[in-house]
Every structure is written in structure tokens, then in C-alpha cells.
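K.L.:
The structure's right below; bear with me while I get my questions together.
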Amino acid sequence: MSPRSCLRSLRLLVFAVFSAAASNWLYLAKLSSVGSISEEETCEKLKGLIQRQVQMCKRNLEVMDSVRRGAQLAIEECQYQFRNRRWNCSTLDSLPVFGKVVTQGTREAAFVYAISSAGVAFAVTRACSSGELEKCGCDRTVHGVSPQGFQWSGCSDNIAYGVAFSQSFVDVRERSKGASSSRALMNLHNNEAGRKAILTHMRVECKCHGVSGSCEVKTCWRAVPPFRQVGHALKEKFDGATEVEPRRVGSSRALVPRNAQFKPHTDEDLVYLEPSPDFCEQDMRSGVLGTRGRTCNKTSKAIDGCELLCCGRGFHTAQVELAERCSCKFHWCCFVKCRQCQRLVELHTCR
């Protein structure tokens, strides 16, 4: 192997190790709770944290259970959004949680980083509003009368605190490296796009006050959207993600569209550096599990259909017995009683 090839291989290895480690904090999702463990046991022994995250943990121990919930939210939402895709957001019980897929600069990695940073911002914000954290509470900057004539009142979600904590905790590895590498720039951009997905979908919730349900006075507050809505928004951004490449702009490096004919991406868009594998066949070196054995939809022409999901390999069909509730009746008072029925269904799995 030539010296140039050796250097390139070494760079790729460092790139992969750095990229995987940047998302290792997601291993917190595998824990049942971090809130009941003392500081000494918690922060030093939590798997997947780099030293600066350990220090943040020590300074913000009460917030760490929200970070864990945010990681869980992110993984669950990723698996929901990709449940019918060739890559279905499978996780491992080791580091990195999503396997080697996140070590590559693909659009799948872009989604993982975006939904993860959004998960932390969301969970910390909700913890602030629910009174779980001493360091933050409701957003008191939202007050007075709105231009629409309603009174700002109640507990507005403190999204500013949630976003700031997510930036400090999730972005720390990339920022500690100076954010100069292509992958660091990609990760930071997608982290911010995830948080933007919450900010752009913040909503106003209101309550009417008056005699007999009239709305003489209406009080309103700002609330984060349901996390499912955030997941849908980021999935749309995934489908329209922009392939980029690093370029020096002035004295700094920036990511620009690889195809000059494409319009520049915005802060809310996802970006990626390299095309994705097809995820058809198992390749443990790149962390691809393949689609063999996956359940498919025989009648669908979409990606969940047997033709596309099974990558043209065909599929097996089996008759399976499904247990389900049936003949349900309401009994006074107050419960529903059902029978357990067996139903034969066809199950199709990829060859």
C-alpha cells in the first residue's frame, strides 16, 4: 500500500472513531434511570460520555434524567419514522447505539443527529415546565397582551433553556475539536436543524374563561409540539436532504451543495457528505444488518412492499395464528369484557 493510501486509510479510521464517539451519549437511553444515582457513581460511570460531558453531568445532575428521556424519545421516534424502510433504525446494546451506520456521513446519520439533539431539547424543556428542575421553570418572558388580543398567562414552555442545554451537551465533542472537519460541520448543522424543528413548530395553546363556557377572557401560553410532529418534520427533511462538500469560504470552512445547480440549504435542512448504502445485504463491517427476515407488505408498491424492501430477492409466505380481542361488551359498572379470538393471517418475510 502506498504512503498516500495509508494516510487516507488512517484519516478514514480517525473520522469513523470520531463520528461514532460523537453520538455515544445516546447509550443513556439504555439505562432505566439516572436520577436516583449519586453524583460520584453517575457521572464518572455513565457509559458513552466524554470528559466534558461528565463535567456537565456533575454540574447538572438533576437534568441528566431528562437527557436520558430525550435519548429514548429520539430512538423511539427514529424507529417509528423508519419502521417500513430498509434501514429501520435498529439499535445495539453496545457503542455506538446505532452501530457503524452513524460513523458514515450519510443522510441516515444526519437524521440520527438531528432527532437526538431535538430529543434532548424537548425533554429538558418539558422537565422545566413540569417543575422537575430547580434551575429552570416556565418561560416568564412571555407575558402581557398579544397583538391578537389574548392574555399571555399560564406556563409557557421554556424552549430557550432546553435548546441551550442541548447545544451545550450534545454539541460539545464537535465544538471541542474546533468544528473544522467536514463531519464536525455536518454534525453541528444537523444538530441545530433538529432543534429548529421544535422552534418552528412551537404552538399557542389557549383556555377560555367566562360564564357558561363563554370566552370573555382568553389566556394562552406557548407549548412545544408533540414529538411525533417533530419526527415527521425531520423525516421530510431527511427525504429532501442536501448532499454537501466542504469548501473554504473566506478564512473558514463551510459546507456547500455538491451540485452547484441546487439551491443552498437552510438552517432547517439536513445535510450529508456521502451517499447511503442500499441496506439490502448484511455487511457487519459497515453496520448494515440487511433486510432478510424482515416483514413486508405484499400488496404495497411503496418502500414497505415486498418487492422493494426485499431488494428483489423474493419473500416467504406463512400462515400464522394471531390472538386478538373480540366480542367486547361493556358491563355496568364499569368495565369492558372481551373474548380472546384466534385469526389466521398471512405473514410475508424477505428471503
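Quick reminder: no glycine exception, Cβ is built from N, Cα and C everywhere.
What you see is a predicted model, and the numbers here were worked out from it, not measured in a lab.
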K.L.:
Consult Swiss-Prot and report which candidate among Cys206, Cys208, Cys280 shares a disulfide bond with Cys220.
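P.N.:
Here Swiss-Prot pairs Cys220 with Cys206 via a disulfide bond.
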K.L.:
Could you pull the disulfide partner of Cys310 out of Cys155, Cys208, Cys215, Cys350, going by Swiss-Prot?
P.N.:
Cys350
K.L.:
Pick from Cys328, Cys333, Cys334, Cys341: which one does Swiss-Prot say forms the disulfide with Cys326?
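P.N.:
In Swiss-Prot, Cys326 forms its disulfide bond with Cys341.
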K.L.:
Pick out which of the disulfide-bonded residues Cys311, Cys333 has the most other Cβ atoms within 10 Å of its own Cβ.
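P.N.:
Ranked by Cβ atoms within 10 Å, first place goes to Cys311.
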K.L.:
Check each residue in the chain of Cys306 (disulfide bond) that is at least six apart in sequence and keep those whose C-beta is under 8 Å from its C-beta; list them in sequence order.
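P.N.:
Looking at Cβ-Cβ distances below 8 Å from Cys306 (disulfide bond), excluding near sequence neighbours, one finds Cys296, Asn297, Lys298, Ser300, Gly314, Phe315, His348, Cys350.
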K.L.:
Should any of the disulfide-bonded residues Cys220, Cys333, Cys334, Cys338 have a Cα within 10 Å of the Cα of Cys155 (disulfide bond), which are they?
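P.N.:
Checking each Cα against Cys155 (disulfide bond), the hits are Cys220.
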K.L.:
When a 10 Å sphere is centred on the Cβ of Cys334 (disulfide bond), how many other Cβ atoms does it contain?
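P.N.:
There are 6 of them.
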